[in-house]
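A.B. asks: Dropping a structure here in structure tokens format, bear with me for questions.
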Amino acid sequence: MATLVQTGKAKQLTLLGFFAITASMVMAVYEYPTFATSGFSLVFFLLLGGILWFIPVGLCAAEMATVDGWEEGGVFAWVSNTLGPRWGFAAISFGYLQIAIGFIPMLYFVLGALSYILKWPALNEDPITKTIAALIILWALALTQFGGTKYTARIAKVGFFAGILLPAFILIALAAIYLHSGAPVAIEMDSKTFFPDFSKVGTLVVFVAFILSYMGVEASATHVNEMSNPGRDYPLAMLLLMVAAICLSSVGGLSIAMVIPGNEINLSAGVMQTFTVLMSHVAPEIEWTVRVISALLLLGVLAEIASWIVGPSRGMYVTAQKNLLPAAFAKMNKNGVPVTLVISQLVITSIALIILTNTGGGNNMSFLIALALTVVIYLCAYFMLFIGYIVLVLKHPDLKRTFNIPGGKGVKLVVAIVGLLTSIMAFIVSFLPPDNIQGDSTDMYVELLVVSFLVVLALPFILYAVHDRKGKANTGVTLEPINSQNAPKGHFFLHPRARSPHYIVMNDKKH
């Protein structure tokens, strides 16, 4: 039967060291156009999400990750130990399923970049063309990963620097030159526009995109066990991450909002739209470089998608190891890839992609539904995380843990309740149609989102109810937790949501 090897961890991770291995989550270039649709109030939304949601998630997850015996297994272990195995299975399943849907807006971004490079608008506008191209890209990337993940982290590292970091800094630099030149700005930036118009509920829907940009921090919480002084350094690391996310996302989103009017922003190709306008203003003689930058962005997001294909399935593998999934899901190929889990996830992505692209028109509505669906699925896992933490505080205060939220029981409960209420607010708002979706499309938006969500919501509970868990999945596989000392090169350039939490050891070979 598969086993989990406990590994000793040197307590030598500093504040800056923890920040460095988590910082990849603050770069979300493909979300900048969505941020930009809220104008200057995007800064308000980033602050709101950071203070009321990101910090509570990080603090609650860190305390749960340092409870004796809970150090490995992530949200599955935390929720299982507080709410029971059914809910633990559901929580990790929602993390697995949100990745399946989260691939869709990333693929839309890829197609937006390709349409600019190839000068082929149908690739970003025609639903059938868009569907076929996205499916080809998705499964082609998957095939590259079935051969093993030996080079995945290195590819992610190159993609992060060349395809995400470099274009982001070029975007910001061009926007600064544009602003300094006195060119017209598409938004007003003052105290009045800092706050969104709360009388228009549709303007608040964009908040889900900001919550999505903060999601995944709980995946790095296990590394708190490696910190030399977690009580002092971890809260500071969370603040640094929040400040970095707010600064980078604000500047990136505003770079687009200043140049492209909100009602003209294409959510899939908005970054390329902006580069075109900026380059034609700053250096029209080298406007051809927009296609080069688009190619860099394309490669960056392709590398990101490729690196996300196997990691979450390896995380889900722990449930197959505990026989919470049928034995077929515990099967590995010779390269240490849980093929059944990976293929199942990609089938879900493909079905959702076909439905959303062709019923949503393949335009901004498809992008927004995919984004909102990703968020509401993932929020279900966070509901359980916060409720599990409240149970831990109220019923198990005696359990030893390395990190405690400072301030005692009252502060702990306030932090968890604030995070839970913010999650509930984001969940409700997600089902409201945005302002840029009008007429009959609003009904279609809500219907597609609600039906899709209910189907995904039911999957883990149906599977748990019908599967006979009496047998044992005999896989001959050992799981070795990954930490800051034994991680493969480039591992920490992956977004925390996409990282495999452990090595797969088969026949004395580590994958």
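Using N, Cα and C of the backbone, Cβ positions are placed for all residues, glycine too.
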A.B. asks: I'd like to check whether THR14 and ASP440, as annotated in Swiss-Prot, sit on the same side of the membrane - that is, whether they share a topological domain name.
C.D. replies: no
A.B. asks: Might you confirm whether the transmembrane segment (292-312) is in contact with the transmembrane segment (240-260), defined here as three or more C-beta pairs under 8 A between residues 6 or more apart in sequence?
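C.D. replies: Contact between the transmembrane segment (292-312) and the transmembrane segment (240-260): absent, because fewer than 3 Cβ pairs are under 8 Å.
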A.B. asks: Would you say the transmembrane segment (42-62) and the transmembrane segment (128-148) are in contact under the rule of three or more C-beta pairs closer than 8 Å, pairs 6 or more apart in sequence?
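C.D. replies: Between the transmembrane segment (128-148) and the transmembrane segment (42-62), contact is absent.
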A.B. asks: Mind checking which residues reach the topological domain 'Periplasmic' (261-291)? Cβ under 8 Å, same chain, six or more beyond either end.
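C.D. replies: Same-chain residues near the topological domain 'Periplasmic' (261-291) but 6 or more away: 29-30, 32-34, 36-39, 105, 108-109, 111-113, 115-117, 124, 167, 170-171, 174-175, 177-178, 181, 183, 186-187, 255, 297, 364, 367-368, 436.
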